[in-house]
């Protein structure tokens, strides 16, 4: 494999720029994992985007190693495999039991099982340029499938008129990355590298357009704890994670449930202590009042009779 073909100086330039931009995008989730390390909990974060990003990097790395003049694809996807492995290792270390099991299942089935199947089939059933082309179109198909996922976030933005979970900076750099890798693929005459980035470029433009439209609009705020994540991939393997699938009604139900539990708890505590509000048990309160009035009237009658007897005993005999 040749290191770099000197007949493609523009390919080298765009490849270097693509590496730099994709490197920065790969580091975008670092604050998320610093938070996980500090809290020692994955909270509501999902591992799927990072598993998908690692699988994409593995595919493109394998493709680049079979090609010639693809050193810059090798460098960025090697870094992608490394950094995504670090992210996934941190996630597994602090995940709950349920999240841990689902992450391991996905890791084994997709990143190990599916990749091994592709590797074995292309290695033993195909050879030479046919193997390279077949693997290239597998990479294209996977990238297109993953690129289709963010259409849901665009629908969510239009419905909620909120762009709070779609950072403009990240969308801008993903669009810029798509331009760099498209130009790189164009100058090395590789459609498998260029084609997915056309879709990435169009999607990036739509995201920035929606941001411009809705950045000052009245927002329907989405609770972050009820969001799911999706991932956007580029040819460089760099991922962009957006939360989607907000369920605003969940919090309202939770508040009502908490209020019900509080009222039930207060009633139980009053019953245990024998203290009731005046209007809590009206039957008992009315009976108690009537009983007290009866006792008072009987006591008054007895005291009056006693006073009358005393007066009679004090009278002088005639």
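Just so you know, glycine gets a Cβ as well, placed from its N, Cα and C.
The compositional bias 'Basic and acidic residues' annotation in TrEMBL covers 288-311.
According to TrEMBL, the region 'Disordered' annotation covers 254-318.
If you look up TrEMBL, you'll see 12-36 (among others) marked as transmembrane segment.
Positions annotated as transmembrane segment by TrEMBL: 48-65 (among others).
Annotation comment: TrEMBL describes 71-94 (among others) as transmembrane segment.
The transmembrane segment annotation in TrEMBL covers 106-128 (among others). Within its own chain, the transmembrane segment (106-128) has Cβ neighbours under 8 Å at 47-48, 51-52, 54-55, 58-59, 62, 88, 134-135, 138, counting only residues six or more beyond its boundaries.
The feature transmembrane segment is assigned by TrEMBL to 134-153 (among others).
What TrEMBL records for 165-187 (among others) is transmembrane segment.
Residues annotated as transmembrane segment in TrEMBL: 193-214 (among others).
Here the transmembrane segment (71-94) has long-range neighbours at 3-4, 12, 15-16, 18-19, 22-23, 26-27, 29, 33, 36-37, 40-42, 45, 47, 50-51, 53-54, 56-58, 60-61, 63-65, 100, 103-104, 107, 184, 193, 235-239, meaning same-chain residues at least 6 beyond its ends whose C-beta is under 8 angstroms from one of its own.
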